[in-house]
Amino acid sequence: MSLMQFSGLLVVWLLSTLFIATLTWFEFRRVRFNFNVFFSLLFLLTFFFGFPLTSVLVFRFDVGVAPPEILLQALLSAACFYGVYYVTYKTRLRKRVVDVPRKPLFTMNRVETHLTWVILMGIALVSVAIFFMHNGFLLFRLHSYSQIFSSEVSGVALKRFFYFFIPAMLVVYFLRQDSKAWLFFLVSTVAFGLLTYMIVGGTRANIIIAFAIFLFIGIIRGWISLWMLVAAGVLGIVGMFWLALKRYGLNVSGDEAFYTFLYLTRDTFSPWENLALLLQNYHNIDFQGLAPIVRDFYVFIPTWLWPGRPSIVLNSANYFTWEVLNNHSGLAISPTLIGSLVVMGGALFIPLGAIVVGLIIKWFDWLYELGNREPNRYKAAILHSFCFGAIFNMIVLAREGLDSFVSRVVFFLVVFGASLLVAKLLFWLFDSAGLIHKRTTSLPQAQVEGKL
């Protein structure tokens, strides 16, 4: 890459970043937080944060990358995607009407809410315990990270249930919403994330998500400033780099440490070059249509229920890894959101996907506002827990693609909804048995004496 080509890419990158960052800043000033703000920051991180890292790798370490015209296509496709997404998100589909009282779809009381978070926590802890009994601490047993996907590891399906510890702790926080509950959420979820990191063999998702939710709650409540958020972000990047070194068993120093930091940070937070690789091999892609979305559900179907279930799930990530890159190392390479759309339908699917994503984020913001307006604090805690709990799925959406997002959000919805139903059933059984008693609030002694 020549300096002239780099200069052209830099101009496009600066204009695109300024465009998205400006819209995000205006939205932040208007509402402080909603899921449009979160997705916009996530989109910036995924598709634009990696460009400076790639530039240093190219000019400092002479690392090979895709041709400049392909990198330009990747940057422009990301900017155009966001433009279509933003217009879709801001377009009102129907006239705003004055809220009229309507019968709620469901309601929650104190006992049902506490039962819900206990059930969610139980699902996570029992899954971790069973996985640990089968495999022990994989971080200290396996020689490479790719081995966690091999036949040496049993009960892999249980990992999908670990994440429900975070929604459980979110319910606990939203019932109190003070600084102590906020700090308790951080300590409990990060401790659980470190435990799963050691048990699973290097999976950092639970730690990243817990830390991100903690920061956004702090921004919403005004407990941390934007500068503190930036400082925490830098700390998070360094922390994720250290965990990655431990995961891959790397011992580096000097220039090698700097080089390793650059490419691991880029691959962890901003796999934008994967989109460039996909566009570079555009002519080799056999467009898959909506099949990757259907196939991604296969992993949630146990073999005892479907004995003939395909052992290889050809979702967009696996198609990109195996068929496009011819990489059979055992790890799936993230195609990114835009890359998954290209795999499914080529360039035509990029604006269509942007419209779909705009509607998805609009729905989550509607649900979030519903929780903000809800007078029943127990129901509000459940709604907010569901919305913030889905942050993991939004990260999957940006990094892995639309197919992975759809299957995971449906799974999350089913498990979360089933926990609610079980909590309501248990409450009905306890109430029928006479085990539920109304809480009586006693008046302070001074007020009692004043009434005598």
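Just so it is clear, glycine is given a Cβ too, placed from its N, Cα and C backbone atoms.
Here Swiss-Prot flags 6-26, 37-57, 63-83, 118-138, 155-175, 181-201, 207-227, 228-248, 341-361, 378-398, 410-430 as transmembrane segment.
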Non-local residues, at least 6 beyond the ends, that sit with Cβ under 8 Å of the transmembrane segment (155-175): 113, 116-118, 120-121, 123-125, 127-128, 130-131, 134-135, 148-149, 181-182, 184-185, 188-189, 192, 196, 200, 203, 205-206, 209-210, 213, 217, 299-300, 302, 377-378, 380-382, 384-386, 388-389, 392, 411, 415-416, 419
Considering the transmembrane segment (341-361), which listed stretch of 6-26, 63-83, 410-430 counts the most C-beta pairs under 8 Å: 63-83
Paired segments the transmembrane segment (118-138) and the transmembrane segment (6-26) in contact, 3+ CB pairs under 8 A: no
Intrachain neighbours beyond the transmembrane segment (181-201), with Cβ under 8 angstroms and 6 or more residues off its ends: 124, 128, 131-132, 135-142, 145, 147-148, 153, 159, 162, 165-166, 169-170, 172-173, 175, 207, 209-211, 213-214, 217-218, 221, 223, 243, 247
Among 37-57, 63-83, 228-248, stretch most in contact with the transmembrane segment (378-398) (C-beta, under 8 angstroms): 37-57
Positions on the same chain near the transmembrane segment (37-57), where near means CB under 8 A and six or more residues out: 6, 9-10, 13, 16-17, 20-21, 23-24, 27-28, 31, 63, 65, 74-75, 78, 82, 85, 216, 259, 262-263, 265-266, 269-273, 275, 336-338, 357, 361, 391, 394-395, 398-399
